[in-house]
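First the structure, in the form of structure tokens, and then the observations on it.
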């Protein structure tokens, strides 16, 4: 098997995550799709680290994981705050600035 | 023209089997995540994708990242997602109607274009490279190799990331903190409200449930002086469940000697 196949999987997962962010309306699902995109990028980093025989790609993937964890914590707190005031987790309902 | 014929080196057969079993499953699960209606199902499918990626990491000589992936993502992050889902409501199914007209076809076309661009660019990114492998870099162990990099070349980003973690935890605490808009009513306020509520029948508190010589339980209504059962003496929950016993059998009967 060609080691670059991992990169193709990574690209596919990233694209699927991007579609999810645009198409889905539930804020939590949108958030999960963002996580999917971050994970896909991590897979690419790890694969490139292996192709180049260099651990720096893995270090970057590690940093990405930490930043993703922070992002999840703050993002979910924002979703809970919005849910508390609007009783809805849909991204379409938080459109007060539009009117 | 997209050519998929880049070759950065072959891997061993067992890894190829692993990849061809798990890779399509991961992509299918990710697609399912887009298509299922309920957020909980999406979360479970995402957990599966993350476990697959952890296996891929371990297969690619990144043992540390594989373990961290399982602990942090499938452990902490997915639990957090499920927890918030429980809080927001598990049954909240996503409405799959389009709110912006034509959004879905545009998104799919853009995604195909973007994915095609990325896959064709992968050619150039790996052009003329051979698979070096991590055998040399992992010579002293994967964790030792990563630690060597983290605490020498990347020590400054590492410190910044730790500050970021603390800031995120604080931010989440501030955001999740619940301010009371109205002050909580004190006992005195409640008593005043009772006396000002039109009728004084409940001012002294509601009657207790039935306590009789033969039966003593919360599911029997108390008897009022005129002999009728008091509706207010039983909890509304018991009434709704239909668990209320009739109190008539417990009424005071005329004594045998009086007859």
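Just so you know, glycine gets a Cβ as well, placed from its N, Cα and C.
Per TrEMBL, the features are as follows:
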TRANSMEM  B:17-36  transmembrane segment
TRANSMEM  B:43-60  transmembrane segment
TRANSMEM  B:66-90  transmembrane segment
TRANSMEM  B:102-122  transmembrane segment
TRANSMEM  B:154-176  transmembrane segment
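Only residues 6 or more beyond the boundaries of the transmembrane segment (B:66-90), in the same chain, are considered here, and those with a CB under 8 A from a CB of the stretch are 38-40, 43, 46-47, 50-51, 53-58. Listed as Cβ neighbours of the transmembrane segment (B:154-176) (distance under 8 Å, sequence separation of 6 or more from its ends, same chain) is no residue at all: none.
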